[in-house]
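Before any comments, here is the structure.
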């Protein structure tokens, strides 16, 4: 099936509404905060099979607003921001050419488990480059993911080198392909969302540390909630469009709340005393490097903006700090306490909540 047909089918297929998802609050919060501030650095979602990981990610993308892009550009170039433009678009603007502008939904790109590095990064047609003297570049998935979300299911089963490539691009916002002395770069600023089942193996600590957040989800045990989830799904499958209509108002409200939070974010204040306490917690937990401190500061500001406030409270920090630090702790086989609970315990002591 060609790409155009696939895309139209994807757009025609109704998506389960984000606000209809029952439970899994930790995962939903981590995703929303990454959309408010993509510099948080993505999220790794670990949990049992069938707990709605991919459903929730797709639902979030459906919730997000449309963005302006250059119409005939495969990199989703932003017509106003040079940092998010391909070299070709930048060149056209420098030559004072008019570029066609259109709007489109923020895209979510799925990374297949068996994808090669060429499929992910793109390829250079060396023969064409040598014979015609042009940089013939075939964009990969990273180009398609620019200004969107890159979703990797079962990321713990992906080749380590490929995970490294994804994390490098997510951190720098650029993808560079080099072949036979020819180098091509393009913007690749995306939110990286990985998911996996811990029974199938963990990511190496060096890779795990580079995800901004780590959400843990489990199968819902409460019988009443399970019944509610099953009924929701059955109602959606029976009449998806009517089901989506039921949640139209709550979807619009959440979408607006996220947009307002993004606009408010630059004004958020995090007290010096709180920043010191965050760093003290990281130090006491023996967290390597400063990523934990940085991400916790960013996430605390993002949640305050989501709540419509301009100042971060200790409660904001308490809600996000397990997400930001649990995957950065050194594993002790003799310790039975959950890593998230360990972070909360240290937080309570440092902030005087005991």
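For all residues, glycine too, the Cβ spot is worked out from N, Cα and C.
These numbers come from a predicted model, not from an experiment.
Lifted from Swiss-Prot, the feature list:
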- 47, 48, 49, 50, 51, 52, 53, 54: ATP binding site (BINDING)
- 282-324: disulfide bond (DISULFID)
Rounded Cα separation (Å) that holds between residue 52 (ATP binding site) and residue 282 (disulfide bond): 31
Conformational class of residue 54 (ATP binding site) under the three-state DSSP mapping: helix
Integer Å distance between the CA atoms belonging to residue 324 (disulfide bond) and residue 48 (ATP binding site): 20
Secondary structure of residue 282 (disulfide bond) (DSSP, helix/strand/coil): helix
Distance, residue 324 (disulfide bond) to residue 50 (ATP binding site) (CA atoms, angstrom): 24
Local Cβ density at residue 48 (ATP binding site) - other Cβ atoms counted within 10 Å: 12
Length of the line joining the Cα atoms of residue 282 (disulfide bond) and residue 47 (ATP binding site), in Å: 25
Inter-residue Cα distance where the pair is residue 324 (disulfide bond) and residue 47 (ATP binding site), in Å: 17
